[in-house]
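The next block holds one structure in the form of structure tokens; read it before the comments.
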Amino acid sequence: MVFATLEHILTHISFSTISIVITTHLITLLVRELGGLRDSSEKGMIATFFSITGLLVSRWISSGHFPLSNLYESLIFLSWGFYIIHMIPKIQNSKNDLSTITTPSTILTQGFATSGLLTEMHQSTILVPALQSQWLMMHVSMMLLSYATLLCGSLLSAAILIIRFRKNIDIFCKNKNVLIKTFLFSEIEYFNAKRSAFKSTSFPNYYKYQLTERLDYWSYRVISLGFTFLTLGILCGAVWANEAWGSYWNWDPKETWAFITWTIFAIYLHSRTNPNWKGTNSALVASIGFLIIWICYFGINLLGIGLHSYGSFPLPSN
């Protein structure tokens, strides 16, 4: 009872805080001078992180197993993973450029988990025998971290496509380059060196180029990290499958779509080595990957078929 109350409180604190954070973030984008609000936004993200962490820990203690046994818990962990991505620029001692993606992703994911799922799905249940393994934490956590990372990277690539196919980018310049301000290069010295060269040659879309290069920089690095998580998750899952079902690979729907996801992003990373594919073409591949991830993670759960049906939506009782 105590843990249930604690979970309820932490859920509402985290959701309320992240709602305030995204509102504050939008205000700071529109009003450049309000630097204090930007600091408050970062503090709000920290408070959200500790609230979600406390929620996961309390469920872990109360249930006796790592809280990744159903769709609700996986969505909460996914929102926690978005915050981990949010912290990447800080690790590199650069300005937080990913908050435009990670903050809305956190609130949408947690909002759906809190309000979009049936109340019965919020309850922690006893693990089925196949899930009672030390591989649960390693496999599922790696897969969810890969989903969070690859989703962020794919959204950055989708932004590249939107910007490059726009016929007019003047609106960004007239509004004091609000979007460019959000995605400023951490390696600012690199662009300072090239800025005069572009301006001296009357480069017509200098600001558009700067923005797309920034997006491309982060997209590649975030997707590379996510691909590593995905590879580790699939390998751990294969070992676990051999222990539970006697076979490393069964071409289960979840396994099949995980392999398709891995293939798509392997093609993306390979295309980055070809100068002719780097840029718009590779961004298109990553954008396709965004849809594939949701099919792999959420679409299969909707169908509730295969060996990975533990996190599916519950069927209505007769």
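FYI, residue positions are counted from 1 along the chain as it appears here.
Cβ coordinates are placed from backbone N, Cα and C, and glycine is handled just like the others.
Remember, TrEMBL labels are computer predictions, not curated facts.
As annotated by TrEMBL, domain 'Cytochrome c assembly protein' applies to 68-308. Confidence annotation: the domain 'Cytochrome c assembly protein' (68-308) carries a mean pLDDT of 77 in the model.
Taken from TrEMBL, the feature transmembrane segment covers 12-32 (among others).
Residues annotated as transmembrane segment in TrEMBL: 44-62 (among others).
Sequence annotations record features per position, and here TrEMBL assigns transmembrane segment to 68-86 (among others).
Among the features that TrEMBL reports, transmembrane segment is placed at 138-163 (among others).
Here TrEMBL flags 218-241 (among others) as transmembrane segment.
For the transmembrane segment (256-271), the list of distant contacts is 143, 150, 223-224, 226-227, 230-231, 233-234, 237, 277-278, 281-282, 285-286, 288-289, 292-293, 295-296, 299-300: same-chain residues at least six beyond its ends, Cβ to Cβ under 8 Å. According to TrEMBL, the feature transmembrane segment maps to 256-271 (among others).
Sequence annotations record features per position, and here TrEMBL assigns transmembrane segment to 283-307 (among others). Sequence-distant neighbours of the transmembrane segment (283-307) (same chain, 6+ residues past either end, Cβ-Cβ under 8 Å): 71, 147, 150-151, 153-155, 157-158, 160-161, 216, 219, 223, 241, 245, 250, 252-254, 257-258, 260-261, 264-265, 267-268, 271, 313, 315.
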